[in-house]
Amino acid sequence: MEEDDHGGKHDALSALSQWLWSKPLGQHNADLDDDEEVTTGQEELFLPEEQAQARHLFSRKTISREVPADESRSGRVYQTAQHSLMEYSRPTMSIKSRWSFWSSSPKPLPKTPVPSLTSWTHTVNSTPFPQLSTSSGSQSPGKRRLQRLTSMERNGTTLPRTNSGSSTKAMVLHR
């Protein structure tokens, strides 16, 4: 996740936001009757046990504008744009997720929560491995067999997963 590469993605999101906000509704005097709220943030996470890093950029902008009564019974319109860009990478995997949300309403909309990077990386780490089909009996010569491993305590019970960033599952290749 290079800084230069990430900057281009952020510029594309900014261009989309600027386009959305260049389409005002109704006749209004922005200096007198607009209310604006902007939230931006950046999260970064490094998990040394997994040699993984994650980054999350997000922004939310809400504008409340006065409009003629024929456009909105409340006399106001509320516009919201949200953008989120998440990246997760480690030596064997790279995941990118991007979403945008835009709404316009005559009533204030409830704020939707911005996704958290820590909850997203927990989802990535806890994604189960696909079930492997193994035949009972002998294995053909030259074929490899994958075995799913799970960390166990001494009494044979599976260790609970935590959000510490350490993974308790692994795949081992047997020849």
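Just so you know, glycine gets a Cβ as well, placed from its N, Cα and C.
Under the heading compositional bias 'Basic and acidic residues', Swiss-Prot lists 63-74.
According to Swiss-Prot, the feature compositional bias 'Polar residues' maps to 115-141 (among others).
Under the heading compositional bias 'Polar residues', Swiss-Prot lists 148-169 (among others).
Swiss-Prot lists Ser64 (among others) with the feature phosphoserine, giving similarity to another entry as the kind of evidence. Long-range Cβ proximity for Ser64 (phosphoserine), meaning a same-chain Cβ under 8 A and a gap of 6 or more residues, is found for Asp34, Asp35, Glu36, Arg76, Val77, Tyr78, Pro108.
Marked as phosphoserine by Swiss-Prot: Ser133 (among others).
Annotation comment: Swiss-Prot describes 30-47 as region 'Homodimerization', evidence class similarity to another entry.
Under the heading region 'RNA-binding', Swiss-Prot lists 50-156, citing similarity to another entry as support.
Taken from Swiss-Prot, the feature region 'Disordered' covers 58-89 (among others).
What Swiss-Prot lists as region 'Disordered' is 103-175 (among others).
Note on the region 'RNA-binding' (50-156): its mean pLDDT in the predicted model is 72.
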